[in-house]
Amino acid sequence: MAAALLHKFTMKTRVFLLVLAVFSCALAQVEESETDELQVETLVKPETCSVLSTMGDTLQVHYTGKLMDGQLIDSSLSKDPLVLVLGKRTVIAGLEQSLIGVCEGQKIKATIPSRLAYGKKGYPPTIPGDATLEFEVEVISLSPQAQWQKIINDVFPLVCFALVPTLLGLVGLYLYKKANAQKLSKKKSKDKKSKNK
């Protein structure tokens, strides 16, 4: 009877530990996913916000970047505002993504996961690996992309995409014709030699 009770107790303990382990893993995964996504909070939004930023727009911003423990990593407050064109990847991906859909005069706070910042390697010695960053950004000015710029940015890559295979085809055709012309000239010279004999 004691052996059966011990076996029953052990089985209940095993099930309990298994449920506890599954629950702990699920909880850890929820906590990880919360810090794994870009989070953008609006701190100040102007009363009139008629033009929202989109890819290709030029922004002038002041920013302050910190580690999650509050350690300052960079700031533009003592310098001229940072000028950036959305889509040109001149800043970390998370910061650029957080600036899409903002308007002039807006101030945001972006919590950027490491995968959208400096990743596993970090940026030694200032930013350790796998560091989540927090940026407060104020949009000083927003200049929408001009229509001709939009056409160039949208159409030019397609034209280039079409031109590359066309140019490669023309080079191939040229080389093919050149190779065949050499074969024909060799064949003609062989025919002349055989006729001369």
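Backbone N, Cα and C define each Cβ position, glycine as well.
TrEMBL has this to say about the protein:
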| type | residues | note |
| --- | --- | --- |
| DOMAIN | 56-143 | domain 'PPIase FKBP-type' |
| SIGNAL | 1-28 | signal peptide |
| TRANSMEM | 155-176 | transmembrane segment |
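Per-residue pLDDT, averaged over the domain 'PPIase FKBP-type' (56-143), rounds to 95. Across the range of the domain 'PPIase FKBP-type' (56-143), the DSSP-based residue counts are 9 helix, 37 strand, 42 coil.
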